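Peer 1: According to TrEMBL, the domain 'NXPE C-terminal' annotation covers 22-92. What TrEMBL records for 253-564 is domain 'Cas1p 10 TM acyl transferase'. Sequence annotations record features per position, and here TrEMBL assigns transmembrane segment to 273-291, 354-374, 394-415, 422-439, 445-465, 472-494, 506-525.
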Amino acid sequence: FKGGDTCEYLLSSGRFLGEKVWQPHSCMMHKYKNSEAKNCLIDKHIAFIGDSRIRQLFYSFIKLISPQVKEEGNKHGNILFEDKSASIKVDFLWYPEVNGSMRQRIKSWTEGSVAKPHIIVAGAATWSIKIHNGSNEALAQYKINITSIAPLLEKLAKSSDVYWVLQDPVYEDMLSESRKMITNEKIDAYNEAAVRILNSSSRNSKAKVKVFSVSKLIAQETIMKSADGLHLPESSRDTNAMILMNVYCNKIMKPIDGSCCQPQPPLTLIQKLAFCFFTLSMLGYLIIHLIHRNNYRKNKSCTDVESGEEKPAISAPSVSTLEMLLHCFCKLGLIMTYFYLCDRANLFMKENKFYTHSSFFIPIVYILVLGVFYTESSKETKVLNREQTDEWKGWMQLVILIYHISGASTFLPVYMHIRVLVAAYLFQTGYGHFSYFWIKGDFGVYRVCQVLFRLNFLVVVLCIVMDRPYQFYYFVPLVTVWFMIIYATLALWPQIVQKKANGSCLWHFGLLLKLICLLTCIYLLSYSQGTFEKIFSFWPLSKCFELNGNVYEWWFRWKLDRYV
């Protein structure tokens, strides 16, 4: 547990999981795709101002928008990038020293003579150390210059996002002779001066320049892989660019796996009503329970003092249906509160999933060994009988649960095997429903409602409490739709069941014909995305199957296991 500003943690602290995955302290970082980056930065102007290290960050940043960009052009000059499709402008302005020229450029933005950028990323120091041979006079001048620039940056920070990038450490053994004076001791002195001076005059939290210090931590782990001892390797630059994207875009795009810099969403009306319902259920249960307990105490047997005889004990009153129902709602309410606090509130620290072989295979081996000690005899002899399929489903649920908890989807062999298990689970679901209708011949509305309630109750409650769309929990919509397809196929005239089919072989051909028609429909629908999307874009289906404003995700999930 740790409250606080996750933006601050994202910009200042974290660690590596493995070699390449950066984990910010206490929050999750989203990996932005090009389309997401464009949607976030549409009609935005971003300016990078500084030296060659800032230029590297500039290139990594624009590659998130347009991956085909090549690092070419005048290295010691301004570089302009524009994505006309999304009206995004990203400029790199070559100002290798914190001096009067940099101050003049920043001042022009505050005066309104030049269009003010929405995001400003600045930083410089190594050139000052190099040109002045690491002298103390240069450091003193740097302090004077940054003191004169700081109020301008703070003024810009009132309406724009301003970031000051601290200097990364160098790998001194690899530096060329012309750069030997750039030492980590000097860099630390320059960073200390920048941190102390920036925001020293600002009391307004909204007008603060954000200090981008996390780059230092990343460089400490990776600078040894640098080509020249000064500039970061590409993977580290990409991590810095992704952090920058998360700081600005998370509050706009609100990604599910990006909790850093994302404020807690306000409660919706339906969430408030759910909270009131569970609270009233708890109060109602407590009141009824206390009344029953009080009545029981009054009627409890006691020794008759006059006769010395003991009256027969009065049994505890039976629990009423209402009390049992309220008790169940109490438990459900507590579980949902826990879910909400973990998943939707910023109460607990969060981490991105990071796959390791041990995190997946150790629990698998554990449950296999445990399973050996739990065996039961079965009276059934048929293949795929109920007990057998239930056990098979149980094993698959355990494996799929471990797969999701450990983030094993990033490891392709495990992902492929899990896809087989999901397909097998869908097959068994379909087989179970088919068997019921085939043997029992019960096509009543009660049976349909019973199955739909059983499949969807938990998910619907989750949708309400978590403020998530139904399609977010995609497996339940998938199973629900296939159940309805199986029901519709078998319930349509003529209704062919086992009892009827045993009387004549023709009914078997009739059932086969039904299944062939179903297969044909599935085949045609799977090769016509437009038709599929039109069907599920009609209200109210669209409300159930849309995710991020379209039904593409539902189309993708439905298509994966359409034949099984």
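The backbone N, Cα and C atoms fix where each Cβ goes, and this holds for glycine too.
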Peer 1: For the transmembrane segment (354-374), could you work out the same-chain residues 6 or more beyond its ends whose Cβ comes under 8 Å from its Cβ atoms?
Peer 2: 17-18, 21, 23, 395, 398-399, 402-403, 406-411, 414
Peer 1: Of the listed stretches (422-439, 445-465, 472-494, 506-525), which one yields the highest count of Cβ-Cβ distances below 8 Å with the transmembrane segment (273-291)?
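Peer 2: By the under-8 Å Cβ criterion, the transmembrane segment (273-291) pairs most with 445-465.
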Peer 1: Spell out yes or no: are there three or more C-beta pairs under 8 angstroms between the transmembrane segment (472-494) and the transmembrane segment (394-415), with each pair 6 or more apart in sequence?
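Peer 2: Counting Cβ pairs under 8 Å (6 or more apart in sequence), the transmembrane segment (472-494) does not reach the transmembrane segment (394-415), since there are fewer than 3.
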Peer 1: What same-chain residues lie close to the transmembrane segment (422-439): Cβ under 8 Å, and 6 or more beyond its ends?
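Peer 2: Non-local partners: 384, 386, 389, 392-393, 396-397, 400, 447, 451, 475, 478-479, 482-483, 486-487, 490-491, 497-498, 561, 564.
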Peer 1: Run through the domain 'NXPE C-terminal' (22-92) and tell me, per DSSP, how many residues are helix, strand and coil.
Peer 2: 22 helix, 19 strand, 30 coil
